[in-house]
């Protein structure tokens, strides 16, 4: 197994693992963390350059392997007549070379395919994270509304209690005012001149 084939197979495995993790139904926090890490990595110019160069090399390997796998294998036969007959066979080395090129073509093709699938899946994950964040904010607002309503109810209860106390104090104040008026009326009647003379005459008679 050559070095570049090992590298290609490792790259394909990494892409498959990444795509498998991205499509898993993960919790919101983990998915948001993965998306943030992916954005931070892909935003760097060095990472973009590495991805571009790797994509170009894999694309060239795919084209070369495809061309080599399409080459027709020459036929030969075992006799020395030099003519091609029904006993013609295909060389084992040519078949092995074709299989080797086809294998490289499939691996490089899948690498290119997954390199397109990963950004597409991440765009979907981006929308999922965005909408899930909006849903969570709406749920928090709904949870905060009852507390505000309870505060409003408590304020209304306090206001009602204060109004009731104020009404009672007004009633007691009105009662005191009536008592004061009655006392003033009583003293006014007692202090009139006729009433004073009658009171003095009754005292002298006694």
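Glycine is treated like the rest: Cβ placed from N, Cα and C.
Annotated features, as they stand in Swiss-Prot:
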- 190: ubiquitin cross-link (CROSSLNK)
- 140-163: region 'Disordered' (REGION)
- 203-206: motif 'Di-lysine motif' (MOTIF)
- 1-7: topological domain 'Lumenal' (TOPO_DOM)
- 67-104: topological domain 'Lumenal' (TOPO_DOM)
What counts of helix, strand and coil residues does DSSP assign across the topological domain 'Lumenal' (1-7)?
5 helix, 0 strand, 2 coil
What is the average pLDDT across the motif 'Di-lysine motif' (203-206)?
54
Could you tell me what the rest of the chain brings near the topological domain 'Lumenal' (1-7), counting residues at least six beyond its ends with Cβ under 8 Å?
61, 104, 107
